[in-house]
Every structure is written in C-alpha cells, then in structure tokens.
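The structure appears right after this line, and notes come after that.
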Amino acid sequence: MADEDPNQQEHDGTPSQMPPLKAEAHGYTLFRVLDREFMIKVSKRRWAVVLVFSCYSMCNAFQWIQYAAINNIFMSFYGVSSFAIDWLSMCYMLAYIPLLLLVAWLLGKFGLRTIALAGSALNCLGAWVKVGSPQPHLFPVTVLGQVVCSVAQVFILGMPSRIASVWFGDDEVSTACSIAVLGNQLGIALGFLVPAVSAPNIDDPDELAYHISLMFYITAGVATLLFILVLIVFKEKPKHPPSRTQCLSYAFVSPDASFLTSIIPVFEKQNFVLLFISYGLNAGAFYALCTLLNRMVIFHYTGEGVIVGRIGLTIAIAGMLGAVISGIWLDRTKTYKETTLVLYIMTLVGMAGYTGTLNLGHLWIVYITAGIIGFSITGYLTLGFEFAMELTYPESEVVSSGLLNVSAQVFGIIFTISQGQIMDNYGTIPGNIFLCVFLTLGAVLTAFIKADLRRQRLLKMPWRSWHVTAPQAELGDGETGGLPAGL
C-alpha cells in the first residue's frame with residue numbers, strides 16, 4: 001500500500017471524492033471539520049505495524065536487562081564491580097534524557113517510518129557489536145554495544161502512543177498502545193529468563209564465554225530479522241485517517257509545531273505536572289527494581305541465580321497481562337483517573353508485601369507479591385501514556401509521552417544508584433522501604449490529579465455539524481489547547 005496523503009483533494013477516484021452514500025457503503029465514515037471533509041477508515045495493516053513494533057521493542061528491552069539479570073556472573077566474567085554492571089542498564093536511562101529532543105525533531109522532520117528504521121537498525125548494530133565482546137578483557141566492547149542499544153531505545157520508548165493514534169480507531173487506541181508496550185514487557189521477561197538459563201554460573205571462563213557468545217549471536221540474529229521486517233511492513237501512515245481524533249490533528253495541528261514550543265503549554269497544565277512527577281516515581285521504582293533484582297535475591301538465596309530469572313519472569317508476565325487488561329478496560333470505560341489511582345495503590349501494596357516477604361524463605365509468597373507489582377506497575381505505565389494524551393490534548397502525543405519517559409529515566413537513575421548504595425550499606429529491606437516511601441508520595445500526588453479528559457470531551461461533541469467556535473467552549477478555561485484562535 002503506497003503512502004498517500006490522507007487529506008488528498010485531487011479528483012482521483014479515491015473515497016475522499018466519493019459521494020457520501022457511496023463512501024459509507026464502502027465502509028468509510030464521513031467527518032467534516034471546518035471546510036475539509038475526511039473519510040475515516042482503519043487500515044488492515046495496522047495490526048502488522050503494531051506487532052512488528054512490539055517485536056523489535058521486545059528485542060531492545062531484552063538487551064536492556066540481560067546483564068542485570070545475571071549481575072553476579074558478568075561481574076565475575078569481566079572482573080568488574082556490580083556498580084559497573086548496573087550502569088549497563090542505567091546507560092539506557094541516561095541516553096534517553098539528552099537524545100529525546102533530537103529524536104522528536106527527527107520524527108517531525110522525517111516521520112514515523114524513519115524513526116522505526118533508525119531504532120531497529122541501531123538495535124541490530126548494538127547486538128552485533130556485543131557479539132565481539134565475550135572475552136574477559138573486552139568489557140569496553142560490551143559497553144559500546146550496550147550504549148548503541150541504549151540510543152536505539154530513544155527511538156522506541158515513546159512510540160507506542162504515537163503508533164496507536166496514527167494507525168488505530170478511537171475505540172482501539174488504548175488497546176493498541178497496550179499491545180505496543182506488551183513487547184517491552186515480553187523482552188524484560190525473556191531478559192530475566194534466557195540469560196539465567198543460557199549462561200550458567202561456572203568457573204571455567206572459556207566455557208562461560210561460549211555460552212555468553214551463543215546468547216549474543218542469537219540476539220543479533222533475531223535483531224537482524226526484525227530490522228528486515230520493519231523494512232517490509234512499516235509504513236509512514238495509513239492512506240486514510242483511522243479516527244476523528246486523527247482528523248482533528250490533520251486539520252488543526254500546525255506542521256511547524258516543534259517539540260520545544262509544545263513543552264511550555266504542556267507544563268502549564270497542573271494536572272500533567274502532577275502526572276509527570278507521579279509517573280516518574282512509579283516507573284523509576286520499576287527500573288530500579290529490575291536492575292537490582294539479581295543483587296536482592298542473591299543476597300537472600302545465595303547461588304540461586306535461576307530464581308532471579310523466575311521472579312523477573314513473574315513480574316514481566318504479570319505486567320503483560322496488566323498492560324492488556326488496562327488497555328481494554330480504558331477503551332471500554334475511559335476511567336483514566338480512577339484506574340490510575342487503583343493501579344498505583346496496588347503497586348505500593350505489592351512493593352510493601354515484596355519487601356516484607358523476600359527474606360522469609362517462602363518463595364511462593366515472593367512470586368505472588370512480585371506478580372502484583374508487575375501487573376499493576378506495567379498496567380500503570382501503559383495507562384500513563386494515554387492519560388497524558390488526554391490531559392494535554394491536542395498537543396502531540398510525542399511530547400507528552402516523551403516528557404513522561406524523561407521523568408522515568410531521571411528517577412530511574414536516582415533510585416537505582418540510591419537503592420544500590422542503601423543495599424550495600426544497610427541491606428535489601430531498607431532499600432525496598434526507600435522505594436515504598438516514594439511510591440506512597442506518588443499515590444498521594446495521583447489522588448490530586450483531576451480527570452480533565454480534553455480529548456474525550458471533544459469527541460463527545462456532535463460531529464456531523466461542526467462549527468468553528470464549538471471546541472473552544474468545550475475545552476474550558478478559555479483555552480484552545482493549541483487549536484487555531486477561532487476554534
């Protein structure tokens with residue numbers, strides 16, 4: 001399917017020039033905004049696009065956590081400190097902060113397909129660099145490969161909401177976003193499980209190098225296959241807008257709008273500022289937990305590296321379930337504020353339970369509390385993107401999701417370093433209590449967020465007879481929310 005302008009006006013026989021009855025008979029929905037008429041229809045390609053994205057996001061997330069999952073083994077193999085191995089995960093967080101503006105500019109300049117190609121290509125390149133690193137003296141090479149993968153992540157992490165809005169209908173967008181996030185969680189699940197199984201804790205460095213090399217080669221092969229799939233499947237946008245929301249974006253959002261110019265109006269919305277902080281606290285706690293999980297478990301269950309993989313797998317699989325359920329629930333109910341608060345409280349309860357049971361020796365309880373954390377925290381991460389879009393509409397979803405991810409990376413680095421130091425000096429329980437304190441703060445901030453669902457209010461308006469002054473009154477507070485002054 002060729003990439004065509006969904007707002008084409010030439011008389012070329014496409015549905016944009018069909019008579020209304022004929023267009024509706026062909027499965028299109030008429031939507032008129034100002035003096036422009038759109039034909040809405042979802043593309044069959046949309047599922048292939050989101051699944052391919054989910055797969056290469058999975059591969060990138062796998063590479064993020066594969067070192068931290070067997071922290072003790074890589075420490076011994078490369079002869080470095082645990083803090084050095086932690087930085088192989090934290091470099092993902094660090095790379096995102098300065099590179100976000102560049103990627104946002106590239107997205108506006110070259111489009112979604114270019115960003116997808118860049119992300120999958122860098123992910124593939126980083127994987128192949130690491131193939132050359134399974135020798136004890138080649139730690140700098142594995143660092144280089146991981147840094148390349150961390151740059152790839154900047155092209156991936158904020159894209160779920162963008163792909164969902166560009167390709168999916170108004171009643172599918174939350175589900176699509178959850179599927180896109182699902183790949184990341186599946187990658188984390190595999191990142192905990194596969195290294196623990198494929199790289200045993202053995203003393204022979206040559207045999208261990210063989211196992212690590214095999215894991216790196218398989219990862220590079222998968223990354224290469226996914227890059228090829230992106231080349232074949234990924235398109236810039238569907239031929240026709242899939243939703244009324246997307247039609248409004250085509251009609252009202254200026255093509256000259258930049259990421260930087262959108263930041264100020266976004267931060268002028270108090271509800272988004274509260275979400276920005278609370279989201280960062282929640283996601284940062286998740287990043288710290290994943291990065292330090294090996295050190296926590298090994299502290300209480302010496303020599304049980306496989307248990308780390310199983311607990312991490314439990315967190316990730318429960319998270320996948322949480323992402324899907326929260327996406328479907330939002331598409332059905334649109335209860336953003338209520339669902340956000342419930343998931344946040346569940347995360348806090350799960351983290352408190354995990355903190356109190358990790359050292360008791362009853363692993364089945366640890367698995368249950370870890371599952372609660374995974375279900376709620378990942379469901380929240382998916383919901384956060386969608387809630388931010390509602391609070392900041394009609395600003396680009398790239399701006400809101402990008403800023404949420406910046407908050408997550410900043411708190412992720414702070415929490416990982418701080419909790420690691422607390423664990424080294426005082427033990428795992430004080431380290432986890434540290435996270436519980438900040439999750440409590442995040443839950444309180446979430447309770448103060450008002451459900452200012454700007455996009456939903458706009459979509460509830462009678463849309464067959466739009467008038468240029470209607471949306472302004474509906475948005476409230478005298479704001480046009482980035483729409484033209486007369487709107």
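Cβ atoms are placed via backbone N, Cα and C, with glycine included.
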- Which range, 251-268, 341-358, does TrEMBL list as transmembrane segment? 341-358
- Query: What stretch of 87-107, 173-194, 272-294, 364-385, 397-417 shows the most Cβ pairs under 8 Å to the transmembrane segment (306-329)?
  - Reply: 173-194
- Task: Report, as numbers and ranges, every residue of the chain located at least six residues beyond the transmembrane segment (397-417) whose Cβ falls under 8 Å of a Cβ in that stretch; write 'none' if there are none.
- Result: 86, 89-90, 92-94, 96-97, 100, 104, 107-108, 157-158, 160-162, 165, 259, 262-263, 266, 272, 275-277, 279-281, 283-288, 291-292, 384-385, 388-389, 391, 434-435, 438
- Message: Cβ under 8 Å, sequence separation of at least 6 from the ends of the transmembrane segment (47-67): give me the contacting residues as numbers and ranges.
- Response: 74, 85, 88-89, 92, 116, 119-120, 123, 126-127, 130, 146, 149-150, 152-153, 156, 159-160, 163-164, 167-168, 176, 179-180, 182-188, 190-192, 194-195, 215, 219, 222-223, 226-227, 229-230, 233-235, 290-291, 312
- Given the transmembrane segment (341-358), which of the listed stretches 87-107, 173-194, 214-234, 272-294, 364-385 has the most Cβ pairs that are under 8 Å apart from it? 364-385
- Query: So what's near the transmembrane segment (173-194) in sequence-distant terms, Cβ-Cβ under 8 Å and 6+ beyond its ends?
  - Reply: 46, 50-51, 53-66, 69, 157, 159-161, 163-165, 167, 215, 243, 245, 290, 293, 308-313, 315-317, 319-320, 323-324, 326-328, 330-331, 374, 378, 381-382, 385-386
- Among 87-107, 214-234, 364-385, stretch most in contact with the transmembrane segment (272-294) (C-beta, under 8 angstroms): 364-385
